[in-house]
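Structure, as structure tokens:
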Amino acid sequence: IMNIFRLTGDLSHLAAIVILLLKIWKTRSCAGISGKSQLLFALVFTTRYLDLFTSFISLYNTSMKLIYIACSYATVYLIYMKFKATYDGNHDTFRVEFLVVPVGGLSFLVNHDFSPLEILWTFSIYLESVAILPQLFMISKTGEAETITTHYLFFLGLYRALYLINWIWRFYFEGFFDLIAVVAGVVQTILYCDFFYLYITKVLKGKKLSLPA
């Protein structure tokens with residue numbers, strides 16, 4: 001059975017992705033959104049869910065995987081093709097190779113099993129923990145974020161925090177412990193902490209969010 005923390009974590013993740021897609025579609029603009037972060041997330045889901053072709057766990061599991069992949073590519077398409085004119089490339093300048101190359105190396109060195117699928121899964125876990133950095137970097141460069149972008153980031157951070165609780169739950173009740181996923185999850189949640197604080201103190205009071213540069 002799936003525990004409530006994992007389910008709400010998944011729903012929070014889905015909410016984040018849908019909020020972002022709807023924001024771009026309704027405003028017909030991707031201003032303030034890091035295309036680089038979205039490309040990294042598309043890469044995360046692609047490398048993580050290659051097992052779609054090899055294993056079936058449940059209808060829920062397969063559906064969620066397909067939704068994540070489809071939404072991530074739809075977001076990338078909207079940013080880099082359909083609404084390309086509104087994309088703020090001047091501020092989206094984070095050097096993603098500084099994330100992808102070390103993460104690639106680490107997934108070869110530290111993994112559960114030295115097999116192509118397992119290395120790619122590990123790569124996706126490590127990459128997901130830092131994929132939001134270009135977005136946070138962009139916000140700190142522009143000095144502020146639209147409320148909708150901050151809602152997206154909040155739900156993304158909430159998903160990670162819920163997943164941490166899910167791992168604690170699974171460790172206590174199922175004896176399941178995945179060190180790689182837990183460490184990456186902790187790193188990712190720490191990256192969001194600064195943002196969470198600002199979100200709670202500013203956005204919920206109706207002010208625009210600006211991250212310290």
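Glycine too: its Cβ is placed from the backbone N, Cα and C atoms.
The transmembrane segment feature in TrEMBL is assigned to 66-83, 120-140, 152-173, 179-200.
When Cβ-Cβ distances under 8 Å to the transmembrane segment (120-140) are tallied for each of 66-83, 152-173, 179-200, the top count falls to 179-200. Beyond its flanks by at least six residues, the transmembrane segment (152-173) meets 3, 5-6, 8-10, 12-13, 15-16, 19-20, 23, 132, 135-136, 145, 181-182, 185-186, 188-189, 192, 195-196, 199, 203 of its own chain at Cβ-Cβ distances under 8 Å. Outside the transmembrane segment (66-83), and at least 6 residues removed from its termini, the chain residues within Cβ reach (under 8 Å) are 13-14, 17-18, 20-21, 24-25, 28-30, 33, 35, 38-39, 41-42, 44-46, 49, 52.
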